[in-house]
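In what follows, a structure is listed as C-alpha cells, so that the remarks can point back to it.
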Amino acid sequence: RFAVSVGYWKDPYIQYFVRQAKERKAPEINRGKCVCAGYYARVHGVSHLLKAFLEKTECNCQIVNLGAGMDTLFWRLKDENLLPRKYFEVDFPMIVARKIHNIKSKPPLSKPIMESHSGDSLLIDSHSLDSSRYSIVGADLRFSADLEEKLKKHSLDIHLPTLLVAECVLVYMTPQQSANLLKWAASTFPVAMVINYEQVNMRDRFGQIMIENLQRRQCNLAGVELCSSLDSQRERLLVNGWDNARAIDMMKVYSFLPQADVKRIEALEFLDEKELFEQLMQHYCICWASKDSSNL
C-alpha cells in the first residue's frame, strides 16, 4: 500500500483493502526502501509470466490464486481487458470473510464483478463469492481434496489451461503438505503452469537472520528447508509431476525489468543501501513450471 502511494506502480484498488500506513520510523527507512523496490520487482516479475500465459491462451484459461489474501489482480486484469474465462482466489475462511466484507461495502470493488457477471444470480455469503468470472473460496490449501471439491462447486474446469499462482504461500506449509498441493495440481490439469514467489538461499548467514527475525515475531516458515537454493526450488516442482521448471533470484528479475522504469522508481526514494537491497533480492526468487499436453 505504501509502495503504491509513493508511485512504484499503479493499483487503484489496494486502498479499499489496506489502510494507508503511518509514516515510516527512521530506523526502518533504508530497509523500507529496499522492500518497496523488492515488491516492485515481485509485482512486475509475476505479472510478466502471468500475462505471457494469458497471451498464449488468448485468455481462454483460468487462474487460481492460492493464498490470495487482499490481492487486487482480478480488478487490474479487468481494467486491462485481460480477464481469463474464470479467476479463482483461495484463502483461509477468516481472510476470505474480510475480503468479501470489503467487496460488498465498496462499490468500486463490487461494480466490476457485477459488470463481468452473466447468467444466474451472483452467489455471495460470508465465506465465499461466486460470479461467472470471479470466485473467492474459503479453504485450507493443506487439504487438496477439500480444495478441489470447493473449486469444482464454483465451476472449476479441469480441461481449461490453468495457471496457479502462489506468492509466499508454500513456505508456510510443511514440505509434505506443499508437495501434496503441487502433485494435486500437476495430476489434475492436463495443461497448466504454476508460478511460485518465495524465499531462496536460506542456509547462508543472511537467510538465517531472516528466519530468526520472523521467529521472534512468532512466524514459523514450516517449509523453509525447500528454500535452500534455486536448484532445490526447481527440484521440488519436477519431483511433484511438473514437466519443466525454472527459477531465478529477484536480483536477476530486477536486471530484466525495463531499465527506463527502473530508473524512474529508483528516483522515487534514494536507495543508499545497495548492498542490503542486493542481499534481500538474492534471498527471494520466482520459480515457474509447466505441464503441457497440447504443446501450448
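All residue numbers here begin at 1 and follow the chain in the order shown.
In case you wondered, yes, glycine gets a Cβ from its N, Cα and C as well.
Worth saying up front: this structure is predicted, and the values here are computed from it rather than measured.
The annotation S-adenosyl-L-methionine binding site is assigned in TrEMBL to ARG42, GLY67, ASP140, LEU141, GLU167. Listed in sequence order, ARG42, VAL46, GLY67, ASN196, TYR197, GLU198 are the same-chain residues six or more apart from GLU167 (S-adenosyl-L-methionine binding site) with CB atoms under 8 A from its CB.
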| remark: For S-adenosyl-L-methionine, with binding residues ARG42, GLY67, ASP140, LEU141, GLU167 per the record, max Cα distance (Å, no decimals) returned as 24
| field | Those residues of the chain, 6+ apart, with a Cβ under 8 Å from that of LEU141 (S-adenosyl-L-methionine binding site) | value | LEU66, GLY67, VAL90, LEU147, VAL169, MET173, GLN177, LEU181
